[in-house]
Every structure is written in C-alpha cells, then in structure tokens.
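Each remark here refers to the structure printed beneath this line.
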Amino acid sequence: MKHINVFIILFLLTATSLHSQQADGYKLWLKYDKIENTELRNDYAEIVSSVYFKEDSDILKNAKKEFSLALPQMLNTPVQYSNDVSSDNSLIVDIYQNLPKDLKDLIHNDIEVLSDEGFLIKSLTYKKKSITLISAKKDIGILYASFRFLHLMQTHKKLKYIDLVDSPKIDLRMLNHWDNLDRSVERGYAGFSLWNWQKLPEYIDQRYIDYARANTSIGINSTVITNVNANALVLTPMYLEKVEALADVFRGYGIKVYLTARFSAPIEIGKLKTADPLNPEVQKWWSDKVAEIYKRIPDFGGFLVKANSEGQPGPQNYGRNHVDGANMMATALEPFGGNVIWRAFVYSEHDDTDRAKQAYDEFLPYDGKFKDNVLVQVKNGAIDFQPREPFHPMFGAMKKTPLVMEFQITQEYLGFSSHLVFLPKLFEEVLSTDTYQKGKGATVAKVIDGSLHGNAITGIAGVANIGTDLNWTGHPFAQANWYGFGRMAWDPYLSSEKIADEWLRATYSNKQDFIEPVKKLMLTSRETVVNYMNPLGLHHIFDTGHHYGPGPWVDNLSRPDWNPVYYHKADANGIGFDRTPSGSNATEQYAPYLEKTFNDINTIPEEYLLWFHHVSWDYKLQNGNTLWDGIALKYQEGVNEVNTMIHTWDDVKPYVTESEYNEVKMLLQIQLKEAKWWRDACLLYFQTFSQKELPEGVEKPTQSLEYYKSLKFPFAPGIRPQWD
Ligand code: BDP
C-alpha cells in the first residue's frame, strides 16, 4: 500500500513538472516568467518594495490583481502594499484627482495632455526620495498603465528613470468576432467560439476573464461578439441576458460590447411586416430594442451592420439607401451614447463594373449625410483582405465621415492558422501609405486617427483570430497578430519591428540571440506569403468558398466577381486586371498623384503591377526578367523563404522548450508543403496561357495541373454552409 502511495506521488510529481514545462500558449504574452538576471530583478524589486495602490472600483481591483499575480512571479517575492499614500512608498498608483497636492503639482502638465484613457508612469523625487508614480485621469488609465508597467518588466526594460506619458490615438479599438450562435466561427481557424451561449449567463468561463485581460493589456476597448452575417436571435431577451453577463465581465476591463444587428430583425423577431427604415413602426421597434439593451447593459457600445452585402438584408430592399438605414439605427442609439458602425463592404451582382470600384462609388455621395454617431467601416483594400492590396481609395477621399479601418487578423487568405505570417507588417504598410488627399503626408494612419480631416470620433477594427484552441489562435505566432493589432490600434504609428520585439520578449525569451533571428523571420514572413500566393499584384486566386489553397482556374461560381478568373484575367497575351483608363479606370478613385503613378506602367510600384495592369508575358520587369519568368521566380522565392524560416527555427531551438520548438516546426512543414502547392498549381495553370518554359531556378512541379484541380476540401474550416 505504502509503495503504491509513493508511486502515485512520484507519478503526480513527474506529471506536474512535465506539465509546467509544457508550453501550451494559454498565457499569451502575459506569462510573467521569473526574471533571471539578478541585478535587474533587484532594481525592479526596489521600485516595488512598498506599493500604494488604491482599489476602489472594479477596474482598479483588476489592475491591482494583475500586479499581485505578476510581480511575485517575476520578482520571486510577495508585493508589500501600504495603505497610506503619505507614508514612505516606492511606488504610488492612483488617479490624479486622489493624489496629495504636492504630488499633483509635479505632474500637472503631463496630466493635462492625457486623454481619458491615457496614463503616465514617471520616476520622481518626492519628499526627497525617488519614487515611481503611476497616474491617470480615470481608472481605466491606471489599468492600461499597470499592464504596460508589467510588460516593461517582462521585456526587461530599465524602469529607474522612466518618463512615459501615453494616450491611445484612436477612440474605438475593436475586435470583430465573426462568431455564430452555434459557436462556429466564420473564417475561424482556432477552434470554436469562446462564447458558450448554452451555459451563459450563469457560467462565467475563466476564458472570458483572460480574454479581457489580454485585450486590455494591448489597449483594445471594444468587442463585437457576433458575426457580421448576423442572426437576429441575439437581440431577443434570451440572448441579451447572456450578452449582459459577458458585458459585466468585460466592464471591469474597460471593454464595451457591441452586437451585429440584422437589418431584417424587426420582421424576424419583431413580427413586423417590414424593416423599411422610414417606416415609423420599424423606427419605434429599433428604439424600443435599443432601450431594452441599455437597461441591461448601460455602457453598450452599439451596432455593427453589414447591410445589402453578399445577400444580407438592408435598406435597399425597401428602395432606401445606406444613409437611411444607418441614421435610423443611429437615432435609436443616440440618446444612450451608442454608435452605429456601418460596413462599406458592398458590391453587387447587378453591377458589372469592377468590384474594386463599387464601395467608393456607392458611399462617396453619402459623405456628410450620416449622423454624428455613425462610423463607416472600410476594409484595408477594395477587394477583400488579400495578402497585398493597395489601400482602399475611400481612405482620405471620404472627408466628413469617420472611417473605421477594418483589418482581418484571422488568416482567411493567408494560410489559415498553419502559416506563420506576421500581420503587423501588412498593417504598417497600409497605415503608412500616403493617400495624397491633402497634399503629401496624408497617410492612412492620419485618416484613421482623425487628424487629417478632424473627425470627432475615430475607430479601428480587427476581425479576430481567436477561438477555443488552448493557445487561443491556433498557430502560436498568430498570437503576435492579435497582439500587434492591439498595439497598432493604440498607436497606428508604431513600427512592426518594435511590435515583433515586444511580443517575442514577452512570449518567448529576452535573449538577444533568439530575438534577432526570429524577429527577422517574422518581419519577412508577410512578403514570403505574398511571393508564394499572390506575387506582383495578383489577387483573389484562392479556391472557392473556403479559400484554402490555390484555385486560379475556378470559373463556375454564380457571380462573376466570385471567380478567380475575373481577377487575374490571364490569356495568351498576358495577365492582370486593367484598372487604368483603358480598363475599369479604378485608378481615378485615387488622388491625382497616385492615379497618375498607378496608370503608368513605368511608374507603378511593381508589387501592384497586376492589380492595375494587364501585362504581356514578355514585359520586362525592373530586374530585366520577363513577366513570366518574374512570376515563376517569385513563387520559387516564396518557397525558398519558407525553407529559410525552417532553418532559422532550427537554429534557435536551444532557446525554446521542446514542445514550443516542435509545434512551430510542424506548422512550418505544413507551410512549406502548401507554399509548394501554391507555386506548382499556379504556375502550371498560368503556363497554359503563357506557353513558356519555367525559368532556371524554379523547381519542376511534382504533380499535374489536373491533379491540383481535382483537390476538394468539403470540410475545410471556417466556412459557413451558405458559401458552399
Ligand atoms: C469575406 C469573407 C466572408 C465575410 C465577408 C465580409 O469571405 O466570410 O462574410 O468577407 O467581410 O472576406 O462580410
């Protein structure tokens, strides 16, 4: 018996120690590992040797909870809290209003420039002693500051003479979950939806709290918890009670809940005969519905609406327009301070002009007609979250309407959750692009943060890549995309390089020998995926519906603009979509300088070549290669780069745990296999038009075109039935 007990204990001990070594990724960038460098640890320990931390609200309690979780782990010693702000504290954490007058005087000027969500972390001499002060105008600022302070420690930054004054540059920093009520996630590649509707409202999954912590730690302050392809049921009392339970959790982290509103809800759940936005009964229905929601959720954010797009109902079903629809909802939300976020992702099967032109054409005439609490949400490019797109021409052009940037964090067109692609590089490219709408320097970031046109409210949204997978995002490096989106939503001028650095330190290791090569790998990964999927401006050549893998040959979908052949237009002469005046003239939607640059094949940046021009196979690229050779070599380059990624990962093996090493290694193998698949399938297919040999340096395909065409994936993840 005794032996058996010893055996069980030994077994349990081994199992626990193995488990603690097992990096499951659940903690994301909030790992708070012990700081091994003693000098640094002692420095930090001195700073937090006596902490005054006022906690008289849920938000402040959560901030202090984070301190109490993180500090003992990182510093290996418990935190000493003091109850008296006037005693000898090494660190004081409190909002400005509560501070003693002499301390207030020291930071008065900094506080003045802060927004309500901003904060400061400052080393000061107070009562002849060095102290650190964390302060803000509001509790939420203290929460953001606490996470930042802990992050600086995790990433081994010097804190002794810190002088950090920071405010977010964008008001609404939102995640959009394309989560359905059955817990499937449209374009989700990381398991099921986090929201357990069946067990809500009573059962509060720890995941909801950890989700909120993660978001707040990077500055996200709003979440749309339901799919843009909306289900009206979420607006019924049964579901609203559940939404309320989630909102109650998120409130303590400064996160507001939004819902998607199905335009036909008054008919579907309200028993009305119409959803016409000019009908008084319909208007009353929405006003009552909104009041009902605010009764439960006093800080409800508002509605996100996809209307008259891809079959969703909308005002046009009643002969009305987007302004009528958006303003009707905005009127209902206005008394409560709620917003309508109206999506501009529209293109019609009845419109045979270039799909890329349609949103601009439809929305520009409405500029200045929306109510003040309406924001129009625009995807980063005019087609659909491709590996590379020129920025959407609405940015900069729509001057009186606040535009929300919509990025896609989930990798619908970038290899799902099996490809390592660091998206902040893409976000940075878009945000830093000059729209030339008000002379030089009118970047997309300035449109989004409202500084270009002076918008009263600003926003940015990311389509979430989060699900029930243990590590939240499927690929461990996809966590960096969630992280990076949040950081850029806070500050759209941050560099992707800084973000990669921060994330790697907090998630994996602070060792420079690890960080440098892996950072390089991350920063080049976006160009790599462009190379092996959509080089030189090719786009939307993904297989039907699920968008898994290549399908440039697909030509049988019901709508022309759903077919890849519509986008690449390959023929015996060449390839590419002519969007110059000899073609669709989509270039006219850009500012004159860009219009001219894009129209001229000699000045167009080569990465957009086939986006805007139909180009002969023999056209000479800048490096002297013919277009055909250039395309083929780009595909090959993409494959080679994935090989390089694998080598880099092998080299840094000593810096990560066995399981961390293995999981990324296996995923990179999938990425390599699929990069080859993209190269071979696309080149074989385009070769049927070019009729040219593959240039030297490009590996020969191992299968026939017929083989690639025959591949079918009826159970590819992320698809919803109506897309089949
Ligand atoms: C496309 C997706 C589709 C979305 C749509 C949208 O394929 O699942 O519903 O965008 O953004 O990219 O509304």
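Every residue gets a Cβ built from N, Cα and C, even glycine.
Where the annotation comes from TrEMBL, it is an automatic prediction and has not been curated.
As written in TrEMBL, here are the features:
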DOMAIN    28-149  domain 'Alpha glucuronidase N-terminal'
DOMAIN    153-472  domain 'Glycosyl hydrolase family 67 catalytic'
ACT_SITE  GLU310  active site, proton donor
ACT_SITE  ASP384  active site, proton acceptor
ACT_SITE  GLU412  active site, proton acceptor
DOMAIN    473-698  domain 'Glycosyl hydrolase family 67 C-terminal'
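Packing around GLU412 (active site, proton acceptor) is summarised by its Cβ count: 24 other Cβ atoms lie within 10 angstroms of its Cβ, all protein chains included. Distance from the CA of ASP384 (active site, proton acceptor) to the CA of GLU310 (active site, proton donor) is 13 Å. The sparsest Cβ neighbourhood within 10 Å, among the listed active-site residues (GLU310, ASP384), is found at GLU310. In this structure the alpha carbons, written CA, of ASP384 (active site, proton acceptor) and GLU412 (active site, proton acceptor) are 10 Å apart. Taking the domain 'Glycosyl hydrolase family 67 C-terminal' (473-698) as a whole, pLDDT averages 97 in the prediction.
Secondary structure by DSSP for the domain 'Alpha glucuronidase N-terminal' (28-149): 55 helix, 23 strand, 44 coil.
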